[in-house]
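Trainee: Can you read through this structure? Questions will come right after.
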Amino acid sequence: MFPALQKIVVSTNASPLVGRELASNSTWIWHVERLPMLLGIPTVILSLTPAVLRLLIKPLLFVPIRYSSFVLTRLITPVLKEDMLEFESTADKKSPAGPKAKGKLALTSWLLSRYPASLKDRMSQLIRDYLAITFESTPSTSGVLFYILIELAAAPELAEAVRRELREVAPNGELPSTHLNELKVMDSVMRESARVNPFSHLVLYRKLLRPLKLEGCPELPAGCFICVDAHHIDFSPQLWENPERFDGLRHYRARQKPENGNRFKFANLGSDAPGWGDGPQACPGRMFADNTIKIILAHILTHYDLELPPGQGKPEKGSMPNGSMSPDTKAKVLFRSRKL
């Protein structure tokens, strides 16, 4: 299921970022969905290679990702040129720009208005920024969506509860962006899945630029890496009742209290939700990811029933050497079309 979800996420992300034409372009989708592996595999190989050999093999290992970057650059350049012409013809360069009629966000205008005047090659910088955004938004969103669907496939009654909410919020089958915040049951399922199946066991990596003394600890030297243990926050019995159990309505119930109306949301920051980071370094794309996942879930749950194959439980969780999630790419979920 995971490879199929990656294609869906790439296409859904691309529509508001680079336009619907590229969102349905098979070449764009093919290269974007491979970027994480084209970067990850050479990085792991280099980490296991003796330092004296790294300079020799590094150029060869990164040939595939350089080629994919070349292809993606060729595809996106005409889109960015059109965006730049539109930006230059706008009288007020600092005015916030909303989504265009064709559904594409004015991300280019937003970036251009914030680039320093001293920047000479704005096109090259735009391409780098767009490819970085495209790369960062693909594996994390796909992984989170993978585990949400696994949990829903294992709990058909929970999936039906989300469908009931969808029928109430979007009775005519239309779901405008203004209604996404009303999907409180869906949001609770998303947050609970992210708690039980976190994107990473370790978060907020920092490299110390000078020695640091923490209370109760020896002095940490400059150059040392520190991080936050997200795993023991997500599974803390002081924060969560029965933390080992997946409870899709856990956060929905918590939000029924008046004082919690704006708490316990999927995209919220806080000491009990370490996955997004915190402060000025918190994930800037978390609201975009929130909307993307809700749109995809709404479509899937409206049009399909899903369940795990007979005799198969939830797939085992894997993790990368850095603690990031590693979904089971061979896991299967059964989909059956629903009568609308």
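Glycine is treated like the rest: Cβ placed from N, Cα and C.
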Trainee: With Swiss-Prot open, pick whichever of N13, N25 is annotated N-linked glycosylation site.
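Mentor: N25, according to Swiss-Prot.
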Trainee: According to Swiss-Prot, which listed range is transmembrane segment: 37-57, 142-162?
Mentor: 37-57
Trainee: Among all protein chains shown, how many Cβ atoms are found within 10 Å of the Cβ of N322 (N-linked glycosylation site), not counting that one?
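Mentor: N322 (N-linked glycosylation site): 14 neighbouring Cβ atoms within 10 Å.
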Trainee: Looking only at C-alpha atoms, tell me how far C283 (heme binding site) is from N322 (N-linked glycosylation site), rounded to the nearest Å.
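Mentor: Here the two Cα atoms are 18 Å apart.
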Trainee: Count up the helix, strand and coil residues in the region 'Disordered' (308-340) according to DSSP, in that order.
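Mentor: Computed counts for the region 'Disordered' (308-340) are 0 helix, 7 strand, 26 coil.
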Trainee: If you run the three-state DSSP split on C283 (heme binding site), which class comes out?
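Mentor: The three-state answer is coil.
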Trainee: So for N25 (N-linked glycosylation site), how many other CB atoms are inside 10 Å of its CB?
Mentor: 17
Trainee: Using all protein chains in view, find how many other C-beta atoms are within 10 Å of the C-beta of C283 (heme binding site).
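Mentor: Around C283 (heme binding site), other Cβ atoms within 10 Å: 17.
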